[in-house]
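Copied over from TrEMBL, here are the features:
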- 6-26: transmembrane segment (TRANSMEM)
- 46-64: transmembrane segment (TRANSMEM)
- 70-94: transmembrane segment (TRANSMEM)
- 106-127: transmembrane segment (TRANSMEM)
- 147-168: transmembrane segment (TRANSMEM)
- 304-324: transmembrane segment (TRANSMEM)
- 344-363: transmembrane segment (TRANSMEM)
- 375-396: transmembrane segment (TRANSMEM)
Amino acid sequence: MGFFSLLEVASMPVIQVLIISLVGAFLATDRCKLFPVEARNSMNKVVFVIFAPALMFANLAQTVTLQDMISWWFMPVNMGLTFLIGGILGWMVVKILKPPPYLEGLIVATSSSGNMGNLPIILVPAICDEDKSPFGNRSVCRTVGLSYASFSMALGGFYIWTYTFRLIKGSAMKLRDIEESEKATIKSSNSDLEADHKTQLLLGASQDKKTSVVKEETGFWRKGVDLVHEILEELLAPPTLGAIVGFFFGAVKWLRNLIIGDDAPLRIIQGTAKLLGDGTIPCMTIILGGNLIQGLRSSAVKPVVVLGIVCVRYIILPIIGIGVVKTAESFGFLPQDPLFQYVLMLQFTLPPAMNIGTMTQLYNVGQDECSVLMLWTYLIAILALTVWSTIFLHLLV
């Protein structure tokens, strides 16, 4: 499979994302005025509560069985490593470049959370369909490759809606703290002008008492309870809940037979979930494009930040990915299937997850900056995916 053939295959899903983003950007322009901020927020809530959970459930219940989970056990480990290593590298980018505090979580998220969903589902079967595909029989390759990509998508959704969701939520809390501290500073400066020395002493004493009470309340036990509450809150987020239920239906055979298959009595549930889930990626991408116009006007993202994320996602992570997969193969952890190994390597090379845009919109933090980061990382992904896919194929076949 030649470089230019691979360029065509690898660029198609990325170009699709960019075209849909341009549609969203056009709808949000001052001339069109069909997609204002209020409309984007409302659509984003529908994606979060309905479309994304349906997508997670439909893909997991249909494509992943208990036997697959056992035989493909290294894929969740591999994906966890992409999030862990990417998160560490993103943290290093933050420490070196020192962006505004509310953007730190976004930078770590875009460095660690790859698009494990629509890109592999389009890219892997497309490579199988090529006449010069190195993965053997076309129909077998397509079926198996689609299963790998679907499992990758479902796992990616689970990681993204727990780990990445927590990062963006943390950024939103930082932004809220900054805004509250600024308001408190303004109020205190105004009150200082009116207050006399005696009043200040009384206020100081009362503030000391309040501080001591807060310290007592935020002890070890309180922090532990808050942590458990946050974890449960994230696990009960609609997309995560959809993934958990999908895993359960896929693993339990009699439940799976109720909704999957032409003769399944409740197949209408799976059909409805799939129909709803198909709206997830287009809606996410249109919202991202809608935010892009404002992002290009007022984004606080510096070019050096974009460069740092690009280096992490398209240079450092793919090299580490080759080492991880080859090491796992040498220890006998992987099935003897080069296509499986290709999917594992590809997970280290993907552009940032589209779900990050949904999260920033949901918490109203860094939406404009997220759109700008997505624009540049997806433009560069056209060439990066092609080059790395060529390298992976030469290493595996």
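The backbone N, Cα and C atoms fix where each Cβ goes, and this holds for glycine too.
Automated prediction, rather than curation, is the source of TrEMBL annotations.
Beyond its flanks by at least six residues, the transmembrane segment (147-168) meets 52, 55-56, 59-60, 62-64, 68, 72, 75-76, 79-80, 83, 87, 105-106, 108-109, 112-118, 120-121, 123-125, 230, 234-235, 237, 239-240, 243-244, 246-247, 339-340, 343, 347, 353, 355-356, 359-360, 362-363, 365-366 of its own chain at Cβ-Cβ distances under 8 Å. Where the transmembrane segment (344-363) meets the stretches 46-64, 70-94, 106-127, 304-324, 375-396, the count of C-beta pairs under 8 angstroms peaks at 106-127. Under the criterion of 3 or more C-beta pairs below 8 Å, with sequence separation of 6 or more, the transmembrane segment (106-127) and the transmembrane segment (375-396) qualify as touching.
Within the chain, the transmembrane segment (304-324) has long-range Cβ neighbours (under 8 A, six or more residues past its boundaries) at 78, 81-82, 85-86, 89-90, 93, 96-97, 99, 103, 107, 110-111, 114, 344-345, 347-352, 372-373, 376-377, 380-381, 384, 388, 391-392, 395.
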